[in-house]
């Protein structure tokens, strides 16, 4: 009998072992769909981004006009731009749900997979930030100014780093051209990191909702989960096209319809919605360096998750106290996101400070203590 090409060809064999004959736990739920959705998001963003880059000019005098030209005069340029801008939002929705799943079901105990995942999140955040600057609207310009300025809080070398990043003494043409170069490059870095992420994942196999070893009950990825993933793709594309066609500017800032002007500061400088939780944490500390450290800690703290796992059970499926804390954390993140979008005045300042304090307390103190407490309760 002739050998099956899918199982013998060096390249096809790798694809087969990753996407076709991959042994998969039979009980993984829809929460395990977001990894493949993130892959589709990345492919969509690279494709639409490439088409946009063909019509974009990375120059301060022409950037805004070139984006306008794309939307008005290029065939379906408006659609490509709307899909790209809103695709970024869906990318972040998927990655936040993917991380939430990891925290809830103890997936962070696969340390290498988890750590590469955090690196992926950081790279995605960097990509989205430099991408937001490219249309060269008011919020693009002032967002770039404010966020890059945070590096000046680093003692001794901070100011030098900022001027080096800007390519001058303010955000200007050199900044825009290098941000375009970075925005083109970073998605391919994300693609490379994704392959590393998957390599580490396939070393151990997937976790599952029960957190039990599932070697005795695995099924092939195709056709079962390939079909399930296609359903996920369809639902996501339906949501994305609905948003891009019916309300493309829902998540954007009206300020960005005004070309960048260094002489006029917008009344409220705020990032896109997916950074608001971190922005609220940054603003809640009335000291520049302290705020920057809190901002960095809000994401980098996830590297500690595997070390702070004190429970004898892997997932939160049978741990009601930890579940309560987890959903409190989710609600807290919604509050932080809302506060980040509000002006810096009386009720919002204190709400932001309390929510920031709660965020760190739950992750660093309450979850490990609760895990240890639940271990004690197992004895009774």
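Cβ from N, Cα, C; glycine included.
Per Swiss-Prot, the feature heme b b562 binding site maps to 84, 183. Packing around residue 183 (heme b b562 binding site) is summarised by its Cβ count: 22 other Cβ atoms lie within 10 angstroms of its Cβ, all protein chains included.
Residue 197 (heme b b566 binding site) falls within a helix when secondary structure is assigned with DSSP. Non-local neighbourhood of residue 197 (heme b b566 binding site): 113, 116, 117, 120, each in the same chain, at least six residues away, with C-beta under 8 Å from its C-beta. Annotation comment: Swiss-Prot describes 98, 197 as heme b b566 binding site, evidence class similarity to another entry.
Sequence annotations record features per position, and here Swiss-Prot assigns ubiquinone binding site to 202. Reduced to three states, the DSSP call for residue 202 (ubiquinone binding site) is helix. Every protein chain considered, the tally of other Cβ atoms within 10 Å of the Cβ of residue 202 (ubiquinone binding site) stands at 14.
Same-chain residues lying 6 or more positions outside the transmembrane segment (34-54) and placing a CB less than 8 Å from one of its CB atoms are 70, 80-81, 83-84, 87-88, 90-91, 94-95, 97-98, 101, 183-184, 187-188, 190-191, 194, 229, 232-233, 236. Residues or ranges marked as transmembrane segment in Swiss-Prot (evidence: similarity to another entry): 34-54 (among others).
Taken from Swiss-Prot, the feature transmembrane segment applies to 78-99 (among others), supported by similarity to another entry.
When Cβ-Cβ distances below 8 Å are used as the criterion, the transmembrane segment (114-134) is approached by residues 56, 58, 63, 67, 88, 91-92, 95, 98-99, 102, 107-108, 140-141, 143-144, 147, 175-176, 179-180, 182-183, 186-187, 189-190, 193-194, 196-197, 200, 271-272, 274-275, 299-300, 302-303, 305-306 of the same chain, each at least six residues removed from its ends. Annotated transmembrane segment per Swiss-Prot: 114-134 (among others), in sequence order.
Outside the transmembrane segment (179-199) by six or more residues, the chain places 18, 38-39, 42, 45-46, 49, 53, 56, 58, 113, 116-117, 119-120, 123-124, 126-127, 130-131, 133-134, 144 with a CB less than 8 A from a CB of the stretch. Residues or ranges marked as transmembrane segment by Swiss-Prot: 179-199 (among others).
Sequence-distant contacts of the transmembrane segment (227-247) (same chain, six or more residues past either end, CB-CB distance under 8 Å): 30, 33-34, 36-37, 40-41, 79, 82-83, 86-87, 89-90, 94. The transmembrane segment annotation in Swiss-Prot covers 227-247 (among others), and the record cites similarity to another entry as its basis.
Among the features that Swiss-Prot reports, transmembrane segment is placed at 289-309 (among others).
The transmembrane segment feature in Swiss-Prot is assigned to 321-341 (among others); the stated evidence is similarity to another entry.
Per Swiss-Prot, transmembrane segment is recorded for 348-368 (among others).
If you take the Cα of residue 98 (heme b b566 binding site) and the Cα of residue 84 (heme b b562 binding site), they are about 21 angstrom apart, rounded to a whole number. Under 8 Å, Cβ to Cβ, and six or more positions away along its own chain, residue 84 (heme b b562 binding site) finds 45, 48, 49, 52. Distant neighbours of the transmembrane segment (348-368): 280-281, 283-285, 294, 297-298, 301, 304-305, 308-310, 322, 325-326, 328-329, 332-333, 335-336, 339-340, 342; these residues of the same chain sit at least 6 beyond its ends, with a Cβ under 8 Å from one of its Cβ atoms. Sequence-distant contacts of the transmembrane segment (321-341) (same chain, six or more residues past either end, CB-CB distance under 8 Å): 100, 103-104, 270-271, 273, 275-281, 283, 311, 348, 351-352, 355-356, 358-359, 362-363, 366-367, 370-371, 373-374.
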